[in-house]
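What follows is one structure encoded as structure tokens, with my remarks underneath.
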Amino acid sequence: MSKTPDLSGLEAQEGKGWVTARTLAEALPYIQIYDRETVVIKYGGHAMGEEAVARQFAADVVLLKLMGVNPVVVHGGGPQISAMLDRAGVRSTFVDGLRVTDEATMEIAEMVLSGAVNKEIANWISLAGREADVRGVGLSGKDAGLLTVEKTTRTRRDPDSLIEHEVDLGFVGEPTRVDPKLIRGLIESESDWVPVIAPIGVSEDGRTFNVNADTVAGAVAGSLKAKRMLLLTDVAGVLDEKGELIRQMSVAEARGLIASGVATGGMIPKLETAIKAVEAGVEAVVILDGRRSHAMLVELFTEHGAGTLIQA
Ligand SMILES: Nc1ncnc2c1ncn2[C@@H]1O[C@H](COP(=O)(O)OP(=O)(O)O)[C@@H](O)[C@H]1O
Ligand SMILES: CC(=O)N[C@@H](CCC(=O)OP(=O)(O)O)C(=O)O
């Protein structure tokens, strides 16, 4: 009697193919929703983690572009700036999550953000997309008048005298104007260019400023009236008072989380940015864990999404 060949390995392999095909087919409605829509992705310094994670992120950005989405990446690099300041022996302090930036700090922050981090991300996108000619284009707010800022002011109340006094953050800026012409030109071009933006801005009188990357992403997304802004960070999303993930919330509920003290630290500027972006015409903002592989794909192309969605 002839022996039946053992096909279990082959079946397992074929089974995987069928699962992949079904996943792709199920993504069809979402692929159509995002077809030629702009999605601004804020890629935080913590989410970058190891090189393999960052390369995976770049490959997912390429996939988005090839699926018809127009991704625009705004990156951070806080931990990377801190590491370089340490090496240079420059001490760094933060006020309300913003780095106090003197001249020496500004010089190093710009080197790290516009130089190392920006070019690395653009390069990884170009490498991941080279077969299809998808190319990362590294820019900062200094290019083509992209980001005009004014000096950020912060006040503090003295606990004894109760008198308010100004805290000088140095070269820290708030966006006052985004000129999106260059970005529009890149995303609407026949070429598959993906803009990658470092959070550096210029004041009206031409001085260089360090800007929180969430804030830059919000301003860019607002000026482009993006379909989505994704804030990739190092938590699953916004957590409620019991530490459970909130899947969806309104702008009013986001304000409530800040007021009640459930959102603290770095989550406050993220929610404030999300609120401003929605008010500026971004359809929805999602805060999600950028360390999880394919988090952006799960968010955009599956029924359940990932992280916390904030909309009007
Ligand atoms: N309610 C909350 N839900 C989730 N995270 C929160 C909340 N309140 C505070 N956080 C903190 O916010 C952090 C994310 O902000 P941040 O560290 O600035 O991120 P990034 O460096 O990615 O911009 C989380 O790691 C968490 O410690
Ligand atoms: C003014 C200010 O604080 N600028 C930030 C810019 C980088 C940033 O925002 O990076 P993450 O998104 O990785 O935190 C900084 O110097 O750290």
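Cβ coordinates are placed from backbone N, Cα and C, and glycine is handled just like the others.
Keep in mind that this is a model prediction, so the values were computed, not measured.
Under the heading substrate binding site, TrEMBL lists Gly77, Gly78, Arg99, Asn210. If you look up TrEMBL, you'll see 38-288 marked as domain 'Aspartate/glutamate/uridylate kinase'. Among the features that TrEMBL reports, site 'Transition state stabilizer' is placed at Lys42, Lys270.
What TrEMBL annotates, mapped onto the structure for a quick look.
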residue : record                             : Cβ neighbours (10 Å)
Lys42   : site 'Transition state stabilizer' : 30
Gly77   : substrate binding site             : 26
Gly78   : substrate binding site             : 21
Arg99   : substrate binding site             : 21
Asn210  : substrate binding site             : 26
Lys270  : site 'Transition state stabilizer' : 28
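Site extent for substrate: the farthest pair of Cα atoms among Gly77, Gly78, Arg99, Asn210 sits 12 Å apart.
The substrate site, placed at the center of the C-beta atoms of Gly77, Gly78, Arg99, Asn210, has further neighbours from the same chain whose C-beta lies within 8 angstroms: Gly45, Gly76, Ile81, Ser82, Thr101, Ala109, Val112, Leu113, Pro199, Asn212, Ala213. A Cβ distance below 6 Å to any atom of ligand 2 is met, among the recorded positions Lys42, Gly78, Lys270, by Gly78. In the three-state DSSP reading, Lys270 (site 'Transition state stabilizer') counts as helix. In this structure the C-alpha atoms belonging to Gly77 (substrate binding site) and Lys42 (site 'Transition state stabilizer') are separated by 11 Å. The shortest Cα-Cα distance from Lys42 (site 'Transition state stabilizer') to any of the recorded positions (Gly78, Asn210, Lys270) is found for Lys270.
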